[in-house]
Amino acid sequence: MRIYPCLFFMLQGLVPSSITVIVCWGFLLIEALLLVEINVGLRRKKGKIEEENELDIISIRTMAQETLGEWGGILATATYVFLGYTSMVAYSSKSGEILFHLINFPASISGFFFTALFTILISIGGTRGTDQVNQWLTASMLCLLLAIEVLGVVLGGWSGLEGSGDWGKVPATIPVIIFSLVYHDLAPVICAYLGSDLTRIRASVLLGSLVPLVALLLWDAIALGLSSQADQAVDPVELLMSVNWSGVSFMVDAFSLLAIGTSLIGTLLSFSQFFKEQLDNLSWNSPSTQILPKPGELFGLRKWWGRNKNSFTAMAMVVAPTLLVSTTIPDAFSAATDIAGGYCMTMLYGVLPPAMAWAMHNRECEDTNQKALSRARPALLGLGLFACGIVMEQIYQDLSLLHP
């Protein structure tokens, strides 16, 4: 969840913004359920067997390639890689800014160490250890958000929540809301992590999606409550920071840092697993090329490296370019991130899933009873048209900015 959509909510009003958020959440939830059904179907078709300490991921590239053909895989790969790097750079840069405000340490160095910390966590702790840490971070983030909500009510009351709002502002906010609610990059990881158990996966997706929904609705209420205290539309974060008590500033910065950290964990984990799948497909660890450890070699270091080198290489492929860009030109990808929210996420997690499910249905994959949602043709058509409408609206909005 990100904080910057607040200004849109302040312009819209509580009713339009809340309804828009809930509609987008429902749309993304259905898309996520489609993704996991497709992923599990392919996993069962390929006979994927889970290992205790290593996940065998089927990425969105493989999903698109298996269902839509080679060009579908190329489109998914290009879109996903662009989206992954822009998101990682945004997280690293923003974390540096927040840490600079908290501890007065250079933003580029702070962002570097913040990203490196979570890189080490995922590399050493693995998926299960990272999941446990992420649960604690998410719980702490929600507790801070509730505390900030209480402060917002005390400072602004509910006077800013009256009125019906401006429904005309809704279309421009949809890409931003989607960017705030998307979690679909974790779908392949969840499917592998939960052993292709569709019941558990669906429950996990539903419950997990409620966290950003509740957080965004609460933040919406905070923004509207505080907006009543200002003569003009300003960032509610600035209004909170203007309170004399220094604890408010710390709470807002801590909440922002936790929100970025939990988002970074998901993106870093899924993005590195994406690259690992591609490296595994190159058969770098085929039996003919494995290096057997010498007798008595200390702790079997060479064997350990042969088993884990793809994981570390994939992590380096994600982190190295991210840190290079975020530490040298931290603001370079701000515009690209806006484009990613309006186009890349909508293409990847809005247009592609219904198209993949449609193609998968045509091929009559196994276990048809398990994929009731992905076999509902009218629903697939409606989802695809809705996603295409979002893309077209974003194009219109961008062209309007060029020709006011």
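Every residue number used here counts from 1 along the chain in the order it is shown.
Yeah, the Cβs are placed from backbone N, Cα and C, and that goes for glycine too.
The annotation transmembrane segment is assigned in TrEMBL to 14-36 (among others). Residues 8, 60, 63, 161, 163-167, 169-170, 173-174, 177-178, 181-184, 187-188, 190-191, 198, 201-202, 205-206, 209, 212-213, 216-217, 220-221, 224, 349-350, 353-354, 356-357, 373-374, 379-380, 383, 386-387 of the same chain lie 6 or more positions beyond the ends of the transmembrane segment (14-36) yet place their CB under 8 Å from a CB of it.
The annotation transmembrane segment is assigned in TrEMBL to 71-92 (among others).
As annotated by TrEMBL, transmembrane segment applies to 98-124 (among others).
Per TrEMBL, transmembrane segment is recorded for 136-160 (among others).
Per TrEMBL, transmembrane segment is recorded for 172-194 (among others).
Positions annotated as transmembrane segment by TrEMBL: 206-227 (among others).
According to TrEMBL, the feature transmembrane segment maps to 247-271 (among others).
Residues 84-86, 88-90, 92-93, 96-97, 107-109, 111-112, 115-116, 119, 122-123, 268, 271-276, 278-279 of the same chain lie 6 or more positions beyond the ends of the transmembrane segment (312-333) yet place their CB under 8 Å from a CB of it. Here TrEMBL flags 312-333 (among others) as transmembrane segment.
Listed as Cβ neighbours of the transmembrane segment (339-359) (distance under 8 Å, sequence separation of 6 or more from its ends, same chain) are residues 27-28, 31-32, 34-35, 37-38, 60, 63-64, 67-68, 72, 75-76, 79-80, 82-83, 86-87, 175-176, 178-179, 182, 184, 371, 373-375, 377, 380-381, 383-384, 386-388, 390-391, 394, 397-398. Residues or ranges marked as transmembrane segment by TrEMBL: 339-359 (among others).
If one looks beyond the transmembrane segment (379-396) by at least 6 residues along the same chain, the residues whose Cβ comes under 8 Å of a Cβ in the stretch are 27, 30-31, 34, 171, 174-175, 178, 342-343, 346-347, 350-351, 353-355, 357-358, 373. Annotated transmembrane segment per TrEMBL: 379-396 (among others), in sequence order.
Counting Cβ pairs under 8 Å to the transmembrane segment (71-92), the top-ranked stretch among 98-124, 172-194, 247-271 is 247-271.
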